[in-house]
Every structure is written in C-alpha cells, then in structure tokens.
Amino acid sequence: MKYNAGTFDVIVVGAGHAGCEAALAAARMGAKTLMLTMTLDSIAMMPCNPSIGGTGKGHLVREIDAIGGEMGINTDKTFIQSRMLNTGKGPAVHSLRAQADKNKYHTEMKKTIENEPNLLLKQAEVVDLIIEDNTVKGVVTRSGASFYSHSVILATGVYLRGKIYIGEVNYESGPNGLFPSMHLSEKLTKLGCNMRRFKTGTPARIHQDSVDFSKMEEHLGDEEIVPFSFMNDGIEKKQVPCWLTRTTGETHRVIMENLNRSAMYRGDMESVGPRYCPSIEDKVVRFSDKPSHQIFIEPEGLDTKEMYVQGMSTSLPEEVQDAMLKTVIGLESAVIMRPAYAIEYDCIDPTQLKPTLEVKHIENLFSGGQFNGTSGYEEAAAQGLMAGINAVLKTKGEEPFVLDRSEAYIGVLIDDLVTKGTNEPYRMMTSRAEYRLILRQDNADMRLTEKSYKIGLASKERLERYLLKKSHIEEEITRLKKTNVSPEKANPILEENKSSLIKAGMSLYDLLKRPEVTYKVLKKIDENRNVDIVRDAQEQCEIIIKYEGYIEKQLRQIDQFKKLENKILPQEIDYHGIDGLRLEARQKLSDIQPMSVGQASRISGVSPSDISVLMIYLEQRRRQKNGGGT
C-alpha cells in the first residue's frame, strides 16, 4: 500500500561515493535533502581497493575538495598510508594516493552525513520513479513509501540487476554479498533510457597471519605527508606498510589450466569490463611473454586482518583461486577470507545526459557514478558532487554549474561521458586532459574554490584559506623578482647543485627558473623570506616560475579552445534541416544535442567540415535574427 512519506527539494538514491557527495552538496547549499540507501551499513563502502587517489584520480579528489566536497577531508581522517606518485616527472602528473582504513572511511562518512543539517538519511530500496509529463516528481520504495521532490539523483553504483560470478557459480547480488536492486533498471528502460551492461571485479581478501612478508618488498608511505584537503595544513600520523610480491610461472600454469572455468572465458559474461584494471586471467593471456606480474598486498584497515591482493582480480572458481594464490611468492600458506568475484550491472548510456548530468528526456532527473558508466570511487564522487550542485541550482532556478575541459579534470570527465560516451567502464587518467599543466592537483583551489563559493557551496572559511594562499603566492613572486643576489653569494650554492655560475647579479626569480635550483635550495641565500608563507604557496611559486613559458603557451591554447566553447548552439536547432551536414553528423548532433560548437567538434562522427557547416549556419542564423544586417 503506497503512502505519502514526505516532500523534499532533492532526493538522492544510493549512498556510495557519488551519493554521499551529491547529498552533502545539496544539503550544504540549503536544499532539504533525503538520502535513501538499501542498507545504512554500506555508506561510502569501498568494495574493491582500499585506496583513494592515484594518477589522474588524485586530481579529481583535490578538485572535489576545492569545490567543497567531502572525499578529501574524509580520506585525511582515515588514511593509513600516503604517497605522492610520479614525483620523478613534471608537476602536471604528480598524483596523491592514500591507503584508507575501509571501516573508518565508512563510519566517518556516515557520521558526517548524520550530522549534516538539511539532510535526512533513510534505509529503503527505491523500486519506482514518480513521473508526470516527462518530469520526475519523486520515488517509491519497496515498502510503499512515496517521497516527493523537485529533483532526484540516481547514484545506484553496481546494484542495478547486479550479478556475481565466481567460476561456474553465479547469483543475483550487489557487491560484497549485499542485496541487488532488481526493479529500478526495468523502470528506467520503460522510460526510454538506453541501458547497457558493464562488469567489474575484485580480488580475494586474505588473512594477514597467513602471509610471509619476509619474502616481499616493503613499501612505506612518504615521510612528509601531503593532505588531500586544502583545509588541512600538515598531518602527522603513524603509517603502515604495503608489500610488493610477484606471480610465478606456476601461477600462470594454474591459471591457463583452469581458464575454461573462468566466468569471463567460459562465455557466461558478455558485458564489458574496465580496460585499465584487467583480471589476472587477462594479464596472463594478453601478456604471455611476461614471466611474472607485480602483486601488492595492502591492509584493509587497522582493526582487521583482511589484506587486499591488488593485481589479482579474477572470476575463477574459489578452489582455483586458493591454488593460484599459493603459488605467489610469500603467499604459499595464504588463507582466503573473501573470494574474488566479477560483478555485472546495468548502467545508462551517458550520452543521454546533459553536461549538468540531468537526463535529457526526463526533467529534473540527475545521475552520477558507476550508473553513468565510470569506474572508481573518485570518478563517482566527482559526478555526484556536480549532480548535487546542479540539482539544487535547477531547484532554485539559477544558472547551471558546468566546468569545461580547461577548468578541471571534472570537466574532462563529464565532457568525455556526455559527448563521446563510453563502451567500457571509464577511468580518469592525466593523458585524457589536454591542458594538464594548468589542471595540476596543487592549484585545484586556485581554479575552483571561488567559483564554488559564488554558487553557495564552498564555506567562507575555505574561501579565506584560498585567498590567503593566493596573496602569499602573488606577494612572494613579486618579492622574488625584486630580490637580487650577487655572484659571490649565489655561486657557491649553484656550484653545489651543479648549475652554471653567474657573472653578474641575478634575481631569485630568474635563478629559480633553473631546473637544478629549487625553492628549498634558495633558502640558504634568501634571508628575507617570509617564514609564515604556507607550504602550498611555496610549491605553487616554484611551479609557476619554472614552467612560466609552458604555462603561457597552454593559456594561449585555452583561449583558442574557449572561442569554440563560447559559440553556443541553441537547443531548438533541427540538425536534419541543415544543408551540408553529413548524414552521420546530423544523427549524432541530434542525439547528443551539444551545448556549444566546441562540444560538437568532439563528437565521434562529426568532422571538421561538419563544424564549418555549423559555423556558417550559426552566422546565417545570427544575421536573420538581426534583420539581415552584419
């Protein structure tokens, strides 16, 4: 029996990483928000790897934080090891990665959600959407409760018609043995949503006491811990190690002899998995020339003996997993606590979404996370944050908040999804960003915090921290330009760091341009340095000065990019009626309905000649609107 259970501004369906960010963003912007999840015990659950960040993904976490999201803050509270990756390369690809304590990550996020004003958390399974005139009006739960709202955000993760595979065994399930959602996907299909089937997988968890760490290589965290959140200065914490080992020829033999029992190789699963996170079967088959593969043994938390076997995702039968693990160096006595599995699930074709993450043909219905075809906690959180923001802005009748490819990795992520779509679970990488020297993780607050404050999400305290850092950077760069040092003073330091000597006085600014000279090195000859300058500002000053020419070049490229992005395409355009457009271009443009000429140019199947036709059409349209004048 259905009953009216209440009215809200925004309803969020799902409490994974996308759902948490969506609900918190909506509530913090003043919207009366309801968050529904199938179980309160799975909030911000990490069903796969126990880490946050990494190459490309760390950039997303920093951007989420700069906008006012929670992932960075929660990771800083709960990490057990932290490392900055790619430090031997340029700053554009430096990426922070932290091992999180899974249980603490969940409990801390749950606590944050429970204590957030304007946000109500309830356990319930959503089985239907309330739709009137192609507009969502609310949701219906399995118990018959009808919750009404202005906007609904779907953040259902891998639960829609979830099915787990372990060798020849398969059964309907969500991740980690939780209940799947079996009804909502069918409803979405009836509403005209083009749903597809993706898959992902996770390795076994083994008992810590069954691992021989003496045969493995210890990997420690960084001594100087860099926080994810711009709200944190420095963090001191005792860290735990991870361990590196390798597969053996015997491992590969066990896999190949049982390949026909793998759910994927048996043909039981026809869905598409993540390209950049292949199963161990895939790695052994595709890279048969490699004698071994790296395996990392990672702790799941401080209060558990479970260890995550990174690099051994599989859908082989449990007894084969056991035999396979025992052939890995140091795992000869390994005891499985949770078997590895593959999981299939339904998700939406993201080209059906607007850049705001609103479903094009269902007004006020937004979505985020793996439901949109991505993989990874960070990609999910980024989308959830943007969906939450835009759901509130639409409720208020305000302009949407859309980041383009030159402003954020979040912009790259969403633009790729809604413009190009994806035929496999999408993963963020630094190589996807054209302007990565501008979109560094260290300057995410410089790029995004002020924008977020203007829409009512970033707090005043966050804005003030950003403004202080900004002033420190500006003042320090000015001071470095004005401060000259003599050859007598500078040359001993330059010689010590194998940099060419100077014959006349030179500014600290010009000295810092040299690759061998760091901001830290200059301290020895820089008596007037402001000791209170924040660490982040010091790092930014050095990057801005060292890469000045490259940054200026990229900014010029962005100016050209913006010219096409700023040419808006009216949504009422009939592309089938534009002479000169190729048939494929007409179909693709009609389906995706790009917001700008720039977005249109990135659609697969739209050629440069089609863009030229569009530009001519827009100019003709402008002249007609102006009465035929120029």
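Each Cβ is built from the backbone N, Cα and C atoms, and glycine gets one as well.
Here is what Swiss-Prot records for this protein:
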type	residues	note
BINDING	G14, A15, G16, H17, A18, G19, V126, S181, Q370	FAD binding site
BINDING	273-287	NAD(+) binding site
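It is 38 Å from the Cα atom of G14 (FAD binding site) to that of F287 (NAD(+) binding site).
In this structure, the binding-site residues G14, G16, G273 were compared by how many other Cβ atoms lie within 10 Å of their Cβ, and the smallest count belongs to G273. DSSP assigns F287 (NAD(+) binding site) to coil in the three-state reduction, placing it in neither a helix nor a strand. In the three-state DSSP scheme, R275 (NAD(+) binding site) is classed as coil.
Looking only at the binding-site residues R275, C277, E281, the one with its C-alpha closest to G16 (FAD binding site) is C277. Here the candidates are the binding-site residues G273, R275, C277, S279. The one whose C-alpha lies nearest to that of V126 (FAD binding site) is G273.
Under the three-state DSSP scheme, G14 (FAD binding site) falls in the coil class. Between the CA atoms of S279 (NAD(+) binding site) and Q370 (FAD binding site) there is a gap of 19 Å, rounded to the nearest whole number.
A simple Cβ count within 10 Å picks out one of the binding-site residues V126, C277, V285 as the most packed, and that one is V126.
When the Cα positions of G14, A15, G16, H17, A18, G19, V126, S181, Q370 are compared pair by pair, the longest gap among these FAD-binding residues is 18 Å. Each of the binding-site residues R275, K283 was scored by the other Cβ atoms within 10 Å of its Cβ; the lowest score goes to R275. The DSSP secondary structure for V126 (FAD binding site) is strand. Summarising the environment of A18 (FAD binding site), the number of other Cβ atoms within 10 Å of its Cβ, over all protein chains shown, is 34.
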